[in-house]
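Copied over from TrEMBL, here are the features:
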- 5-187: domain 'Thiamine phosphate synthase/TenI' (DOMAIN)
- GLN32, LEU33, ARG34, MET35, LYS36, ASP64, THR103, LYS132: 4-amino-2-methyl-5-(diphosphooxymethyl)pyrimidine binding site (BINDING)
- ASP65, ASP84: Mg(2+) binding site (BINDING)
Amino acid sequence: MISLQFITHRTERYSYFESARMALEGGCKWIQLRMKDAPLDEVEAVALQLKPLCKEHEAILILDDHVELAKKLEVDGVHLGKKDMPIDQARQILGEAFIIGGTANTFEDVLLHYRAGADYLGIGPFRFTTTKQNLSPVLGLEGYVSILAQMQKAHIELPVVAIGGITYEDIPAILRTGVNGIALSGTILRANDPVEETRRILNNN
Ligand SMILES: Cc1ncc(COP(=O)(O)OP(=O)(O)O)c(N)n1
Ligand SMILES: Cc1ncsc1CCOP(=O)(O)O
Ligand SMILES: [Mg+2]
């Protein structure tokens, strides 16, 4: 079964909590609470609701961007990009027990995150997506092949999660590039039945 990280996103149909609940119900074991532009107190309220549910499902809960909140709420970790707190600074605040993920679009990004002590990398975008503004250049399959080859040459062994515009049909080919997992938001949230779609993704990959 693949390693699947579900990333929450604002939709007309579902609340952040409901979207994460459906992914968990479908068997997802890794939730990233991403509430772009939401006030911190709202992120805190949803995270507090989600934390026991993730525990019940034996799933990891990480927050997008909010290092201090992750520490305060004792969730499992954070995901940080170029515009967020640097990973080495986050590590000083969170210590070794928290998971810290970093966004990469190039091998140079990978090197920086590796040296700063990231636990995993979210590499993307695979293709264009409207889930995130100000996207970095699209990587396609060749982008993953190239970055993973450079990582291997440099003996950098960090788990890689592919992200950005990934559909159900894309998953087998992306996994064949050697990435360790997939992060999805829209593909699950746009499905008629997000619980079933999560199950279908997990059971067939
Ligand atoms: C798994 C994963 N990979 C990449 C990202 C993007 O993070 P970031 O570059 O900080 O952009 P925002 O998500 O904060 O808009 C991610 N969140 N998760
Ligand atoms: C957060 C993020 N970072 C790069 S692409 C992306 C969005 C992923 O969502 P989707 O699977 O809907 O494209
Ligand atoms: Mg960020």
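Including glycine, each Cβ sits where the backbone N, Cα and C put it.
Note: TrEMBL annotation is automatic and uncurated.
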Legend entry - Packing count at ARG34 (4-amino-2-methyl-5-(diphosphooxymethyl)pyrimidine binding site) (other Cβ atoms within 10 Å of its Cβ): 22
Legend entry - Cβ-based isolation winner (fewest other Cβ atoms within 10 Å) among the binding-site residues LYS36, LYS132: LYS36
Legend entry - In sequence order, those binding-site residues of LEU33, MET35, ASP84, LYS132 whose CB lies under 6 Å from ligand 1: ASP84, LYS132
Legend entry - Secondary-structure category, per DSSP, in which ASP64 (4-amino-2-methyl-5-(diphosphooxymethyl)pyrimidine binding site) falls: strand
Inset, instruction - Measure from the CA atom of ASP65 (Mg(2+) binding site) to the CA atom of LYS132 (4-amino-2-methyl-5-(diphosphooxymethyl)pyrimidine binding site) and give the result in Å, rounded to a whole number. - result: 14
Legend entry - Secondary structure of ARG34 (4-amino-2-methyl-5-(diphosphooxymethyl)pyrimidine binding site) (DSSP, helix/strand/coil): coil
Inset, instruction - Would you count the other CB atoms within 10 A of the CB of LEU33 (4-amino-2-methyl-5-(diphosphooxymethyl)pyrimidine binding site), including those on all shown protein chains? - result: 30
Inset, instruction - Could you tell me which of the binding-site residues GLN32, ASP64, LYS132 have their C-beta within a distance under 6 angstroms of some atom of ligand 2? - result: LYS132
Legend entry - Cβ neighbours of MET35 (4-amino-2-methyl-5-(diphosphooxymethyl)pyrimidine binding site) where a neighbour is any other Cβ within 10 Å: 19
Inset, instruction - Can you check which residues sit near ASP64 (4-amino-2-methyl-5-(diphosphooxymethyl)pyrimidine binding site), meaning Cβ under 8 Å from its Cβ, same chain, 6 or more apart in sequence, and list them in order? - result: ILE7, GLN32, LEU33, ARG34, MET35, LYS36, VAL78, HIS79
Legend entry - Averaged pLDDT, computed only over the residues in the domain 'Thiamine phosphate synthase/TenI' (5-187): 98
